[in-house]
Each structure stands twice: as structure tokens, then as C-alpha cells.
Amino acid sequence: MVSSQKKNRVYAVEMNIENGEFEDWRGSKADPAKHGGVTASSIACVVEVLENMVFLSNATNFVEYFLKSMHYSAAESANMVTNFMGTSFLLTIFGGFVSDSFLTRFKTFIIFCTLELLGLILLTIQAQDSRLLPAINSKPSKTQEAILYTGLYAIAAGVGGVKAALPAHGADQLDHSNQRLVSSFFNWFFFSLCFGGLIASTVMIWIQENLGWNWGFKISVVTLSVALCIFSMGFPIYRYKRPGGSPLSRIFKVLASAIANRKASLPEAENTQIYGEKRNHDKFRFLNKALMGESVASTEVEETKTFIGLLPIFASTIMMNCCLAQLMTFSVQQGNIMNRSLNSFKIPTQSLSVFPISIMLASIPIYEYFVRMFRSKNNHHPGLLNMFQPLRRIGLGLALASGSMAAAAVVEAKRREAANDDVVLSVFWLVWQYLLLGVSDMLTLGGMLEFFYSEAPDTMRSMSTALSWCSTAMGYFISSVLVTISNSVSGHFGKEWLGGSDLNHTRLDLFYMLLCILNFINLLNYIFWARRY
């Protein structure tokens, strides 16, 4: 008993020395009057605008580059871009692990942003040098492919580290006792992300269509260089938190000890004082058996419980991102065969994403204004203010995702019916699904970033925040699996729902309805886990 308490005190002191307090760039204790604050966190939002503009504009640019310059087929090009984006988001877990374990979030951003920049420079050089490009009507050589994939996945790895470190670094600058301020930061960070996407979908699309895709690479290199410089210039006013060693090794140690002592009764250590955060004492009690291991501290058990507790919430958001994937695929295909004319102007196909992005952008200031007004009038009713907690916000977002797919199914049925009568509906009919899914994404992703950051152990905030991006990646991958399964099952009973390239002869409306049902079931699953959290 005494040795266990002594072990906990030693671990707690070590954690306090390494991770408990923020420091300035010289390694001294950070001064709240000089370091951190709203100005320091705002730099992260400005940098996110530029970084996301580069990421999304290149994702669009790559399709044409792979087709016209590298001479891949349309299917190969589409798969390469999908794999690139999915890998970029999945690698946020690796970037978060590095940020939490070995480097400060500032250094993590600098290193991974530099890696992304080097990848862009390599692709830009290849795009400008005809010797590094395949001959007309020829496939690229092994050397040319090696250069292409080296640059492409250097960018993917860089994006993974940047997206893991940047939001956590921005939130680190704020007073964590003011949860409303932290919440507001993640809302405006999401706004910055969408604003970068808006620039990519408008200005960068125009440049690529009118000046050529080569200019897209050049502007991306300059823009990312500017973002790196802006972020670096803030180093004197940032506050930093030292990495606390590998959180995964501590989690594996706790799990291994709990399994090794699985036949033992819960130790007396379960009732000892735990030094650190107290969040999950009544959950995952079987992990308390790990305390019978000599090398496991109760603080490590708590850290493990907290992270495991986040995973069901993370898993419950993946299906919503399956819906989001439709905006980049089937919704664009719908828009292609609808009336895209606005007076004398014809909306470019690649710019159809402007609709959901604009809705997301508008929803943030409206949401912030509504929350501020509600809080000012109900400041003495904390129960009412709980409706803005991240878990409730995520739940509302998941409900809207199900509603968006129901609206999409109705609109698609109406579009097919009109097409059979040789009538072409306006593309603005898609606004309903864009509206609902845009607000859903704002509530869900913004809520996830805030929730995973605020609830995560101090030593795992970058990696936990990265779960938000991993949910996006897994949503895209599972969307492809659902399409394959839907075609396989429907083809077995007659005609494939999504077979062929002509949407007028498919049953996209039934696929949307399937997503609506799956999302409703997922919402019930989410409510179950959220109530238990």
C-alpha cells in the first residue's frame, strides 16, 4: 500500500515536471501576460487557411496532373487521389504520436510542414522538367513513378503531422479554465479550414482552368512557404508543453499488466488516492488489475481508461463521414447532369463544393452569435448551457446527417423522375442536402476537435485530436466498401443500384436511403455511448 502510494507520487511529480506547466521558447516558465493568449492561438487559424487551401487545391489538381501529364487512366487517377487523401488523414495519428511523445507541437509542425513543402517542390520540379515526365501516350518509367510517389507521400506525411499538431498547438495557447474560449477557438479553426477550402474551390480552380495546372503547383509552394514563415514568426509569444514520452507504450504496459493479472481480484490499490485527473474511476475497472504490476502507476491506468473511453465516440462518428464522402462523389456526378446555369454563368463542376463550404462558413458565426446571446440570457441556468457541450453538439450533427441523406434520396428520386420526362432540374435542388450536411459537419467535426482535445489526457492531446481526422479518412474508405456491398447485394437480386456511369439508370436514391437508415442506427449507438461517458 505504502509502496503503491510512493510510486504514484513519484510518477505524478515526474508528470508535473515534464508536462504540468507551460514554458516559453527559452525553457523558462511561461508568463501568461507575455505568452499564449488569443493572439497566439489566432496564428494557428491564419496558418490553417493557407495550409488547407494548398491541400485541397492540390487534391483537385492531382486528378488532371495524373491524367494529362503522367498518363494514368481515369480510374487509376481517381484511386491515387482517394488513397492520397485517405493516407493523409490516417497519418494524423502518427503525427499526433510524434507530437505527444518526442517533440513539442511547435517543432512537430515545423518539421512536417517542411516535409510537405519539400514534397510539393519535388512534384513542381517534375512537372516543369520534361525529362521527368513520360513521353506522349506512354506510361511513366519506374524512375518517374518513384519521383511521383516520393513527392506525393511526402506531402501526405507532412499533412498528417500538420493537421495533428496545429489545432492542439492553437488550443494550448488558451486558458483551459475558460472552456468557452477553447470551444470558440475550435469553431473558428473549423471556419479557417472551410475558408481555405473555399479559396481552393474558387480562386485556385479558376487559376488551374485558365492559367494551367502548373501554376497550381507554383502557387502552392509559395503559399505553404508563407504559412510556414507566419507560424515560425510567432515563436516568441507561444507557450510550449514538453512531450511526455510515448503514451502508447504506457497504454500497452497497462493492458499487458491487466491481462497478466486477469485472474486476480481487484487490488486494494483500486481505492488508493490517484494523483492526476479523475475521470473514469467507475469505468473499465478491470484495468485496475494492472496496478498489481510493480511498474504501473495509477495515473497511467487513468490515462489508459480516458483514452479507451474516447474510442466509442470516435467510432460512432465514422458513418457520418460516409455521408460527407457523397458530397465529393455522387453529389458532384448529380450536379454534372443537372442545370448548372446561373443567368449567363455556368458553374464549373469542380466548384460545386462551394455550396457546402459556403454553408459551413456561414454556420460558424451564426452559431457563435447564437451561443453568445443564449449564454448572456441564461447565465444563471447552467443546465440550459449544457446543451452546447461537445457531446450534445456531435449528437445533433449525427442526427442532421441522417436527415441530409433522407433529403438527398427525395431529391434524387425527383431528379430521376424529371429526367425520364426529359426535364433537367436545377443544380440548386442539391442545396437541401448540402445545407443539412454542411451544418452537420460543422457541429460534428467542430465538436469532435473540442471534445477529443478537452477530454484527452494532457500527454495525448495531439493524438486524440487526430482521431477527428481519422474518422474522416475511415468514412471515405467505408463509403467505398458500402458502394461495393450495395452493388453486390442488389446485383444478386436483380440490377445493381450503382452499376454503370449513367445516374439516370441507377438507383442512387435507394443508396441514399440506405445511408439514412444506417446513420439513424448509428445515432442510437452514439446516444448509448454518450450517455455512458
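Just so you know, the numbers here start at 1 and follow the chain as drawn.
Cβ coordinates come from backbone N, Cα and C, glycine included.
TrEMBL: automatically predicted annotations, no manual curation.
These numbers come from a predicted model, not from an experiment.
Among the features that TrEMBL reports, transmembrane segment is placed at 78-98 (among others).
Residues annotated as transmembrane segment in TrEMBL: 104-125 (among others). If one looks beyond the transmembrane segment (104-125) by at least 6 residues along the same chain, the residues whose Cβ comes under 8 Å of a Cβ in the stretch are 51, 54, 58, 95, 98, 132, 147-148, 150-162, 164-166, 168-169, 172, 217-218, 220-221, 224-225, 227-228, 231-232, 235, 238, 240-243, 462.
The transmembrane segment annotation in TrEMBL covers 186-207 (among others).
Within its own chain, the transmembrane segment (219-238) has Cβ neighbours under 8 Å at 24-25, 34-37, 39-40, 43-44, 46-47, 50-51, 53-54, 57-58, 61, 106, 109-110, 113-114, 116-117, 120-121, 124, 169, 173, 204, 207, counting only residues six or more beyond its boundaries. The feature transmembrane segment is assigned by TrEMBL to 219-238 (among others).
What TrEMBL records for 307-330 (among others) is transmembrane segment.
Long-range contacts of the transmembrane segment (351-371) within its own chain (CB-CB distance under 8 A, at least 6 residues past either end) are made by residues 184, 187-188, 190-191, 194-195, 197-198, 201-202, 205, 327-328, 331-332, 335, 340, 388, 427, 430-431, 434-435, 437-439, 441-442, 446. The transmembrane segment annotation in TrEMBL covers 351-371 (among others).
As annotated by TrEMBL, transmembrane segment applies to 391-411 (among others).
The transmembrane segment annotation in TrEMBL covers 423-446 (among others).
The feature transmembrane segment is assigned by TrEMBL to 466-489 (among others). Note on the transmembrane segment (466-489): residues 82, 85-90, 92-93, 95-96, 163-164, 310, 314, 317-326, 329, 445, 448-449, 452, 496-499, 511, 514-515, 518 of its chain, located 6 or more positions outside it, place their CB under 8 angstroms from a CB of the stretch.
Under the heading transmembrane segment, TrEMBL lists 510-529 (among others). Beyond the transmembrane segment (510-529), the same-chain residues lying 6 or more positions past its ends with a Cβ under 8 Å from any Cβ of the stretch are 312-313, 316-317, 319-320, 322-323, 326, 330, 394-395, 398-399, 401-403, 405-406, 408-409, 412, 482-483, 486, 490, 497-498.
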Inset, instruction - Quickly jot the same-chain residues contacting the transmembrane segment (186-207) by Cβ under 8 Å, restricted to those at least six beyond its ends, or write none. - result: 44-46, 48-57, 60-61, 167, 170-171, 215-216, 219, 348, 350-351, 353-354, 357-358, 360-361, 364-365, 367-368, 442, 445-446, 449-450, 453
Inset, instruction - Name the range, of those listed as 78-98, 307-330, 391-411, that has the largest tally of Cβ pairs under 8 Å with the transmembrane segment (423-446). - result: 391-411
Inset, instruction - May I ask you to check whether the transmembrane segment (307-330) and the transmembrane segment (78-98) make contact, with contact taken as at least three Cβ pairs under 8 Å and only pairs 6 or more apart in sequence counted? - result: no
